[in-house]
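> Dropping the structure in here first, questions after.
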């Protein structure tokens with residue numbers, strides 16, 4: 001049996017066959033006068049609603065309308081010379097309403113009722129008495145304008161069976177079938193696939209949801225597809241984690257998040273030039289400090305909060321309210337970390353500035369040295385064991401000895417800018433705009449090698465490690481497609497995804513499985529591993 005398939009996109013059919021209209025079937029004049037005694041009669045013994053009630057919600061040329069009608073006749077098995085072909089298939093077919101999105105016009109109560117399968121194919125629509133078996137079903141379909149486009153029952157050939165029981169011609173039953181098909185096609189959501197078997201009612205396959213992508217319109221509160229949308233209407237998908245709160249206040253991208261140890265305040269910096277202080281109990285912004293320039297990074301060490309800006313690092317003691325400005329002409333400060341009473345700051349000119357703590361002067365931070373070697377901006381820093389790791393826009397990772405502050409290795413595994421580094425156990429994890437995440441291992445003090453490379457489909461921007469409720473390690477990886485992947489380590493099996501309006505530029509781990517994400521719109525989200 002020949003199968004034909006066509007797809008509706010934006011209410012314009014592409015390929016395949018389909019069409020037809022109720023006006024191709026004439027109503028018997030003698031039947032209207034109550035005088036027709038022909039059985040079967042080649043004209044319809046029923047009244048249909050005027051064609052004008054089927055309003056199209058899309059523009060279509062007359063030529064495309066004629067082609068639509070002609071192709072639908074073919075799909076339904078109608079003879080091109082006039083009349084129709086009876087359904088020769090005894091196989092049951094799914095009803096139009098099966099597995100349809102509830103946003104489809106077919107389910108609108110103000111247009112018509114949804115029918116359920118009953119003993120004669122339909123039930124719960126009309127209580128009129130019938131004079132012969134199956135006539136009640138026919139009455140539900142034909143006289144009432146509200147029910148003439150009702151869904152067919154499960155099981156093909158119901159119109160033919162009714163026609164046989166009530167002495168109604170197959171032409172009349174086929175006319176009912178064509179009108180339902182025509183009305184459904186006009187109101188079907190885009191990308192709906194309709195498969196037809198010659199001489200039978202089309203079978204509808206609603207588009208599957210893409211479980212890996214959130215609807216961009218829904219994220220912007222502008223999606224009109226409802227449940228019929230093929231993309232997710234959610235801020236995340238997966239198991240083992242949940243969203244706790246949304247903190248809005250920044251007008252531009254969040255560039256740094258810090259939760260000082262023992263504090264009930266969360267600190268965030270943004271490229272809008274402000275630092276916001278959030279109450280961890282209420283989620284409210286309790287303080288805003290306008291620093292007047294773009295903030296490139298923000299971290300906390302003990303009671304100190306460090307803020308990286310163009311040519312300066314600002315140090316602020318949240319307990320004593322003391323603050324210091326550490327000026328150096330190095331451009332924007334993109335990354336900072338601390339180890340062994342030293343503060344490291346990676347700058348736009350490729351230099352890593354090093355300050356050491358001092359108690360002998362009013363300024364507790366004294367510039368010790370600057371580490372040079374990168375030919376591009378230093379974008380990320382990490383400390384593991386006795387080494388400092390630095391990633392750069394020059395696509396390299398440099399390994400510095402914390403005792404001598406000398407570069408001992410240069411790792412050249414990436415093909416584009418290195419964007420983030422973290423240490424996990426004895427391994428170093430790095431990500432890059434080359435769409436890879438690499439796992440490095442030091443076989444000895446003189447040699448590092450890549451033990452695993454995980455490929456992404458988009459540029460990788462930020463890495464962060466957390467533990468779930470079972471203390472299993474989970475890697476968070478922000479990508480340039482506005483999502484954050486959650487991977488179980490060491491298998492790199494995906495656990496879920498987080499979606500945002502713009503790329504997530506910073507991720508910070510907190511206590512008890514809590515972590516924070518900040519995106520390009522200025523939104524800060526609070527999450528928890530379950």
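A Cβ is built for glycine as well, from the same backbone N, Cα and C atoms used for every other residue.
Just so you know, TrEMBL annotations are computer predictions that nobody has curated.
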> According to TrEMBL, zinc finger applies to one of these ranges: 181-208, 209-236, 237-264. Which one is it?
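Of the candidate stretches, TrEMBL labels 209-236 as zinc finger.
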> Can you dig out which of the ranges 37-57, 58-78, 79-99 TrEMBL describes as region 'Disordered'?
79-99
> According to TrEMBL, which listed range is zinc finger: 22-48, 103-129?
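Residues 22-48 are the ones TrEMBL records as zinc finger.
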> Helix, strand, coil: count each for the residues of the repeat 'WD' (371-410), based on DSSP.
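Split into helix, strand and coil, the repeat 'WD' (371-410) gives 0 helix, 23 strand, 17 coil.
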> How do the residues of the repeat 'WD' (247-288) split into helix, strand and coil according to DSSP?
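With helix first, then strand, then coil, the repeat 'WD' (247-288) has 0 helix, 22 strand, 20 coil.
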